[in-house]
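Asker: Quick one: this structure, given as C-alpha cells, is what I'll be asking you about.
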Amino acid sequence: MTHEFTESYDVIVIGAGHAGVEASLATSRMGCKTLLATINLDMLAFMPCNPSIGGSAKGIVVREIDALGGEMGKNIDKTYIQMKMLNTGKGPAVRALRAQADKSLYAREMKHTVEKQANLTLRQTMIDDILVEDGRVVGVLTATGQKFAAKAVVVTTGTALRGEIILGELKYSSGPNNSLASVTLADNLKKLGLEIGRFKTGTPPRVKASSINYDQTEIQPGDDKPNHFSFMSKDADYLKDQIPCWLTYTNQTSHDIINQNLYRAPMFSGVVKGVGPRYCPSIEDKIVRFADKERHQLFLEPEGRDTEEVYVQGLSTSLPEDVQKDLIHSIKGLEKAEMMRTGYAIEYDIVLPHQLRATLETKLISGLFTAGQTNGTSGYEEAAGQGLIAGINAALKVQGKPELILKRSDAYIGVMIDDLVTKGTLEPYRLLTSRAEYRLILRHDNADMRLTEIGRDIGLVDDERWKAFEIKKNQFDNELKRLDSIKLKPIKETNDRVQDLGFKPLTDAMTAKEFMRRPEIDYATAVSFVGPAAEDLDAKIIELLETEIKYEGYIRKALDQVAKMKRMEEKRIPANIDWDAIDSIATEARQKFKKINPETIGQASRISGVNPADISILMIYLEGNGKAHRKY
C-alpha cells in the first residue's frame, strides 16, 4: 500500500508522559528529527498519582537516567519541595534518594525543556494507528486522517490505552486524571499481531491542606544535608525552606468502614478485571489481605507550594465517594478534612513485554518500540528509564549504528528491562533492590561512574557534563592510588594516636587504604594520619572512596560473578533455531524458549522454569548445530 504522508520524521513518539518525554529528548538530542505526539499538551510529564520522584531502587534509576544524559534528575532538582535520603541506617547498596515534587511546576518545567529542544516538534494530536509495510514501521495515522512518515515509532501511552476509570459503581472510558482514552490505537496494536494484557492501578483521594489537623499527626521533615538527583546540581542550590510531610494511620473504625462496604468495592464486586500492583495495593485490599494489622501508615504529602491539595499516600481506593468521605473522616488528623478529589482505579491495556527485545523494540515489527506502563511497569521512574533506552535505540536504529543494551550488571534499568523481556510480568512491575543480584555495584553514589561514558559515546552527554565527570573520576582515581601507596607502620607514635582514638593498635604495616577498611576508620580519620589529598575533594567523592574501599572484597566477588555471566551473554542463540529439534530438553523449558525466544545463553538461563540441565543440553546442541545468525 502506498501512503501519502503530509509530514516526515525520523522518529515519532506517541505519548508525552515520563517515558515519552525521555524518549523524545534522547532521539532529538542524538540528531533525529522527532515528533512528540500527545493527546493533551497540558498533561506533558504530568504526575497523575504520587507527587514524588525516587525512592527505594527508583531513586537509583533516576541517577542512572541522569548519568546517561536524560532529563528527569535535572528537572526534579529544579522543582522539589522536599528531599530525603532513604535507608541511611542500612548498607550503601540500598540507599536511595526521594523527593517530594511540586507536581505542576515539575510538568511546567519539563514542558519548557521540550519546547526549547532542537529537532523536536511537540504536537497535540491523537494517534490512531501505526502504519506498517513488509514487517517494518513506516509512519502513523492521526484521528484527523493525517499520515506522518517515520523510520521508527516509540509507543509510550501509559494508562491511556483503552483506559477506564472506576469509582464505586461508576465506570467510564478515560485516561489518567480524566484525560481522553486511546481506544482506536489499542485496537490497532492488537490487529498488528501484538499480544495485549490488561492491568489496573489506582490513586488515593486528595484532601485540602487547611482542613487538616496537623497537631494530630507526626511531622516528616526533609534532610538538612544536601543531596541531588543530578550529578550536575550544586550543593549551594540545595533548598533550605523545604515543606514537611506528615504521618498518620488508619484505625479500627477505618477498617470497619471498609469491611462494611466491601460489597460496593469494585475490587471485590467483580467490576475490576485487570491485575493490580502487588507493591502498591488499594487500602481495601490491604485490609482484607492483612486483617491482623491494627493500623496502616498514611503519609500526607503536599502536591506543591501553590496548591491546597494533599495526597494521602497509602489510601489508594476505588470505593464509592460517600465511603471515601467516611473513611477519611475516621482517620486521626483528617476528622474534618475536605476531600478535593476522590480516589479511583484505572484499567488499561499493555503490550505483554516478552514480545520485546532488550532494546525495547518489538520482535514482531521492525522499528516499533514500546516503553513505560505500556510495557506493564508501574512508576514514573521505571517509565522514564525505559523511555530513555527506547529513544536511544530508536535513534541508533535510524542512524544505522549498533544498539545499546544495558546488562543487569550495568544498571537497575538493565535489570528491569531484562526482567520484562525474559520473564514477562503478570502484574504491574515495580523495581526493588532485591531484584538486582549485583546491587552492591549498582549504587546511588556510582551511577555516573557506571554510565556517563556510555552516555558520551551515544551523544547524550555534553561537553560541560563530560568535563565535570573527567575531573571527578581523575580525583577519585588519584586519591585511591595515593591511599594505596602510603604505608602506616606499627610504630609507637602511630599506635598511640590510634589508641587515643579508641581503636585497636596496628600489628603490621598497612596502606592507608587497608587502614580505611576497618569499620571504624572513615576517610577523615585516615587522612589525619597520612595527610590530605593534593586538592580539596568534594564530599561525594569522599563518600564514594569510603564505599569502594570498605566493601572492596564484596565488590570484587560481584565483579567476578559479572565476568562469568558475561561469557554466557556472549554465547548467541540463532534467531531461526528450531526448539523442537533439541532432544531431551524439558517440556516446560521448550515452551518457555518458544515464547521468549532468548537471544543469548545468559538470557535463556534466567527464564523461570528453565533448569541448568536444559541449558547444558542447549549449549551442546548449539555447539553442533548453531551456525545461523540472528537478524532483525
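Glycine too: its Cβ is placed from the backbone N, Cα and C atoms.
What Swiss-Prot records for this protein is below:
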- G15, A16, G17, H18, A19, G20, I127, S182, Q373: FAD binding site (BINDING)
- 276-290: NAD(+) binding site (BINDING)
Asker: Would you identify which of the binding-site residues R278, K286 has the most other C-beta atoms lying within 10 angstroms of its C-beta?
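Answerer: Answer by Cβ density within 10 Å: K286.
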Asker: Rounded to the nearest Å, what's the C-alpha distance separating C280 (NAD(+) binding site) and Q373 (FAD binding site)? Just drop the number here, would you?
Answerer: 15
Asker: Write down the Cα-Cα distance for G276 (NAD(+) binding site) and A19 (FAD binding site), rounded and given in Å.
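Answerer: Just about 20 Å between their Cα atoms.
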Asker: Counting only residues 6+ apart in the same chain, whose Cβ is under 8 Å from the Cβ of V288 (NAD(+) binding site)?
Answerer: L262, F268
Asker: Do any residues at least six apart in sequence from G15 (FAD binding site), in the same chain, have a Cβ closer than 8 Å to its Cβ, and if so which, in order?
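Answerer: Spatial neighbours, sequence-distant, of G15 (FAD binding site): A37, T38, I39, V155, T156, T157, G158, A160, G372, T374.
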Asker: Going by DSSP, is I127 (FAD binding site) part of a helix, a strand, or coil?
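Answerer: Once the DSSP labels are grouped into three classes, I127 (FAD binding site) ends up as strand.
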Asker: I want to check the contact list for F290 (NAD(+) binding site): same chain, sequence separation of six or more, C-beta distance under 8 angstroms. What comes out?
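Answerer: Listed in sequence order: H296.
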Asker: Taking every protein chain in this structure into account, which of the binding-site residues A19, I127 has the most other Cβ atoms within 10 Å of its Cβ?
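Answerer: In terms of Cβ crowding, the pick is A19.
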Asker: Cβ atoms within 10 Å, counted per site: which of G17, G276 has the most, among these binding-site residues?
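Answerer: When each Cβ's neighbours within 10 Å are tallied, G17 tops the list.
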Asker: So if I draw a 10 Å sphere around the Cβ of S282 (NAD(+) binding site), how many other Cβ atoms end up inside it?
Answerer: 28
Asker: Whole-number Å distance between the CA of K286 (NAD(+) binding site) and the CA of G17 (FAD binding site)?
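Answerer: G17 (FAD binding site) has its Cα 29 Å from the Cα of K286 (NAD(+) binding site).
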Asker: Spatially, and counting Cα to Cα, which of the binding-site residues is closest to S282 (NAD(+) binding site)? Options: G17, I127, Q373.
Answerer: Q373
Asker: Using only the residues recorded as binding FAD (G15, A16, G17, H18, A19, G20, I127, S182, Q373), report the maximum Cα-Cα distance in Å, whole number please.
Answerer: 18
Asker: Which one of the binding-site residues (C280, E284, Q373) has its C-beta surrounded by the most other C-beta atoms within 10 angstroms?
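Answerer: Top count of Cβ atoms within 10 Å goes to Q373.
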Asker: Can you figure out which of G276, R278, E284 (the binding-site residues) comes closest in space to Q373 (FAD binding site), comparing Cα atoms?
Answerer: G276
